[in-house]
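See structure below.
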Amino acid sequence: MTRYIFITGGVVSSLGKGLMAASLAALLQARGFRVRIRKFDPYLNVDPGTMSPYQHGEVYVTDDGAETDLDLGHYERFTGVSARQSDNVTQGRVYQTIIQRERRGDYLGATVQVIPHVTDEIKAFATADTDDLDFVLCEIGGTVGDIESLPFMEAIRQLHNDLDRGQSIFVHVTLVPYIAAAGELKTKPTQRSVRDLTSLGIQPDILLCRCEHPLPDSERRKIALFCNVRPEAVIPARDAKSIYAVPEQYHAEGLDREVLRAFGMGDAPPPKLDRWVDIMDRQLNPEGEVTIGVVGKYVGLLDAYKSLYEALNHGGLANRVKVNVKWIDAELFEKGDDLAASLEPMHGILVPGGFGVRGSEGKIASVRFARERNVPFFGICLGMQMACIEGARNTAGIPDASTTEFGETSEPVVGLITEWMSTEGLQKRTAETDLGGTMRLGAYPAKLTGNSVVAGIYGVDDISERHRHRYEVNAGYRERLEKGGLIFSGMSPDGTLPEIVERPDHPWFVGVQFHPELKSKPFDPHPLFASFIEAAVKQSRLV
Ligand code: GLN
């Protein structure tokens, strides 16, 4: 039997529901259960692909090519379970499906309504493809009381009723704020938010209370009494030293025990937490540190590079060093900031993925600095394209090299991809194609050159990595770029799309067209990040 855990949030947003869901899933997994986590997003965009990173943070891409909420990245990093398109649904997608069906006449003359049509669609999404699972955790985005999330609340209320008794529970994440002037933790916001929830017909089984101070027993009992839960099911959730400390911490507070007890499974085996203990040992006891300069565009909002930040951290775990990330706004170099002064203290330079011309000359100048000064360089997606343009301009004698993404150019070293093969057959695009969901998305295989640097790093010649791009390096320039020392060491299996470039004569210089950060895990750091940080450690001994 598949059991369901519905996770809602109250009082304020940004309580870390995603991390909580990921940590609970990790704890259940550590007890031997098979888990999957799903996210319901109440906004009306069909997916977050067209939203600015400033609005929404990073767009997390799955193997099957879905552009999803960044919480799915947490889910994968904590459980190792590859997320799928069917694990993230927005209200926009639900309505899109229903309206398409209505236009086709599939409702046979019925009036199409929120209840039952929208709620049925949400329930179908929650319960699809769950045969091989012990637990499905469903996180509802937003905060109880939002107008937008009402259909989702109603759907989980109904589903709880549709399922067998004891087959589903509700976990509510709330805030217990500390009022410094009174020196007290306040339980009223939690009481109010549970009241909002019960007015929707949902009685939480477990309350996870985010708090900055220890939750005294008296307050725990008070919350229990007013919110109609047992005192042991009021779980304090204080800020953790690291996100990877959260599973152990919640376990110590009894979260997984209470969840299993709510399902009547109190006798489940204890979790094996060795994996998390080892990660925390590496995280808290580093043997050195390195500083990586990330030269990008969305440096004002860390969520915009969430997976990248985590993957750099994982590279540090692999090498037992602390990784300090310095976020550098590429545009400042175009406005006169001293590039050498900013980049000289860095042990590695990374140009991440991105869109649009803003800051691109600053990124290209940063690639040049890394190349000329022998500083480890990692270019990801747009970063690889910038490395190719830099190489073309400064090592291949093509001074006008550019990308068609930035406007018309006589030397399109990077250009729009118009055709490529996917598992669904030949894909075609033009400059007029819709922006939403039409990039080259998801996992694609690549072939590495046998004796290349990257083949050595991966230890294999055939890889599969996740993509999200509309432009590609133009293979027609390969010979000239290679003469300039920039070697094409990874290609799509048909040999048409460049996937990896490297400079073998440099201490560490790799550009990849895909996003390796999306597949890195704390317990399984991505080889490219592990190797890049290893090179940065060597560099730190030189400067
Ligand atoms: N803007 C570039 C493209 O579409 C790179 C995209 C990215 O870095 N994710 O190809």
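Even glycines carry a Cβ here, placed using N, Cα and C.
Bear in mind that TrEMBL entries carry predicted annotations, made automatically and left uncurated.
ATP binds SER14, LEU15, GLY16, LYS17, GLY18, LEU19, ARG238, ASP239, ALA240 as TrEMBL records it, and from the list ASP64, ASP69, ASP71 the residue named for this site is ASP71.
From the candidate list ARG282, ARG470, ARG478, the residue TrEMBL records in the L-glutamine site shared with TYR54, GLY354, LEU382, GLY383, MET384, GLN385, GLU405 is ARG470. When TrEMBL records SER13, LYS186, THR187, LYS188, PRO189, THR190, GLN191 as binding UTP, the matching candidate from LYS39, LYS222 it lists for that site is LYS222. Restricting the binding-site residues LYS186, GLY354, GLN385, ARG470 to those with a CA within 10 Å of the CA of GLY18 (ATP binding site) leaves an empty set.
Working note on the recorded positions ILE147, CYS381, LEU382: by count of other C-beta atoms within 10 Å of each C-beta, LEU382 ranks first. Each residue contributes its Cα atom, and for GLN385 (L-glutamine binding site) and GLN191 (UTP binding site) these two points are 53 Å apart. Candidate recorded positions: LYS222, GLY354, CYS381, ARG470. Those with a Cβ under 6 Å from ligand 1, in sequence order, are GLY354, CYS381, ARG470. Sparsest Cβ environment among the binding-site residues ASP71, GLU139, ASP239 (other Cβ atoms counted within 10 Å): ASP239.
Mean pLDDT, taken over the domain 'Glutamine amidotransferase' (301-534), works out to 93 on the 0 to 100 scale. Look at the Cβ of each of the binding-site residues SER13, SER14, THR187, GLN191, GLN385 and count the other Cβ atoms within 10 Å; the largest number goes with GLN385.
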